[in-house]
């Protein structure tokens with residue numbers, strides 16, 4: 001019987017099942033400081049041990065400072081942030097879990113360091129107490145976010161009961177327009193599908209446009225599957241995938257590598273596999289994108305206009321658009337290029353990989369950011385990416401243009417650390433969510449690609465690449 005990639009991965013991990021749910025084995029559990037404290041506390045109260053220590057890998061990322069860390073955790077001024085990072089360290093030591101600590105050169109965002117260290121590879125089931133765990137599906141893995149109670153369950157049993165998802169194939173074919181990236185593909189699809197269009201589905205991204213993306217680009221795409229309502233996003237394994245994983249620290253080696261590769265090459269949807277839903281997109285229809293509202297599906301092309309609520313499809317959407325415009329302090333029919341920006345953020349688990357930094361640096365080379373830009377940040381996704389960028393002298397390009405070059409972390413993606421927007425500030429951000437107050441109370445977020453973030457920094461307004 002022909003199977004989809006999702007069904008192959010699920011079937012390989014099922015321990016027990018009924019019609020709608022299945023008990024599945026978890027191969028890899030990624031841990032950070034925000035969703036794990038209560039889980040570890042639950043284990044301690046129940047006097048439970050870990051089922052399999054080696055399947056866990058921890059890293060602090062949400063609360064870490066991106067400025068000077070020379071004095072370690074004590075340099076964190078916010079007491080809650082400091083306590084969470086200290087608690088993660090103590091719990092990892094107590095339970096014998098490998099932790100990439102804050103001042104380790106490998107430290108970074110959990111969804112960056114997983115693939116980077118080879119902790120993520122094809123065929124795995126991967127969970128983390130974070131909704132953007134779908135990122136890892138780019139490597140042909142079954143990856144999804146879980147809640148704190150489930151974090152405890154995985155620590156204790158390496159198993160989870162999960163509802164079975166339906167299969168959704170999103171196919172994109174054709175050559176991308178100039179300056180269009182995986183981030184633009186993701187935002188465009190979310191704009192067409194809506195933030196609930198993928199609910200209950202595992203999305204497989206396919207088509208020659210997706211095949212031509214780098215692994216970094218595929219990670220960006222799968223990262224944002226959750227913004228379309230799907231907990232799972234994935235791409236079939238190909239030679240790019242295998243070459244990406246090869247020789248990474250935690251990847252298989254020797255005879256295990258050869259056996260793994262043989263299996264990995266089967267991780268694709270079979271020719272006649274049944275999908276419950278299918279959508280087709282032509283790459284030539286996708287322009288650089290920017291969000292204008294308070295949801296990732298409130299998105300238009302950068303050469304477009306803020307939409308008019310009177311043109312909404314229904315009354316619910318009309319009200320939603322009106323509320324978004326009111327919050328964002330924008331007027332309908334405003335030209336996108338007339339929206340003035342205060343700050344720029346290039347980073348997050350969506351767009352902080354070396355490919356993203358190269359794209360932005362190429363646009364910023366020999367240019368300066370606009371005078372009205374109060375702050376422009378580049379925050380690499382990991383210490384390894386930071387080191388590579390510095391070896392390529394990308395940091396000098398950013399600094400010379402007026403950007404600040406920071407240490408790795410989640411940074412301004414969310415207002416949980418020192419990097420946040422002030423009330424009334426507007427940011428062009430390469431992150432993944434533009435909810436009310438996401439980057440700081442009363443702040444305004446416009447989601448963009450690294451290319452558009454860089455060009456907007458130069459223009460001082462939301463801007464296409466000139």
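Any Cβ shown, glycine's included, is placed from N, Cα and C.
Quick look at what Swiss-Prot lists:
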- 349, 410, 413: [4Fe-4S] cluster binding site (BINDING)
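What Swiss-Prot annotates, mapped onto the structure for a quick look.
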residue : record                        : Cβ within 10 Å
349     : [4Fe-4S] cluster binding site : 25
410     : [4Fe-4S] cluster binding site : 29
413     : [4Fe-4S] cluster binding site : 30
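According to DSSP, residue 410 ([4Fe-4S] cluster binding site) sits in a coil region rather than a helix or strand. The residues near the [4Fe-4S] cluster site, meaning same-chain residues not in 349, 410, 413 whose C-beta sits within 8 angstroms of the mean position of the site's C-beta atoms, are 61, 62, 109, 111, 132, 347, 348, 350, 352, 409, 411, 414, 431, 432, in sequence order.
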